[in-house]
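Asker: The ATP binding site annotation in Swiss-Prot covers 13, 14, 15, 16, 17, 18, 19, 20 and rests on sequence analysis.
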């Protein structure tokens, strides 16, 4: 199956909500169906993203403005080197985290999530055609994170997850597709697949 116009899909949610697994699983499902698709993550695996991952692992410290600037720079590279080339080669792009994550995660007393989102929009970053938000209570998300073997990142505490979830609620667009993160993973993938297929039919 080949769609005439590829679409840009973004997955958002707090750590432990299942969005990374969903992004990967849905991409695999689309490829199985013969629908050209590519999955990417932010922070990227580019140099700009590696720098950010050092911060997330607590290996380096960055001030609030430095954090935001680093995320914006990585996003520019993400679009330039990953997202736009894939879309231009007729592949649908599925992205794990985007500008809404930066707005939710980097917000605080000095910078609101709305202000950070505006900084992203002022850069004219591409708006996604579909935005999925996996909603899950912070306590359940933290339980999932605690079961993982890899080391924790700096935002993986109950207080931080609650703050981030609250920030998401302030900046998610009205057309965001909310998915219940408590559902079975296969159910979630199927639900998102049906929404995706309906969307590409309407754009073809």
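The backbone N, Cα and C atoms fix where each Cβ goes, and this holds for glycine too.
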Asker: What's the most sparsely packed of the binding-site residues 17, 20, counting other C-beta atoms within 10 A?
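Answerer: If we count Cβ atoms within 10 Å for the binding-site residues 17, 20, the smallest count is at 20.
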Asker: Counting Cβ atoms within 10 Å across all protein chains shown, which of the binding-site residues 13, 16, 18 comes out on top?
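Answerer: Highest number of other Cβ atoms within 10 Å: 13.
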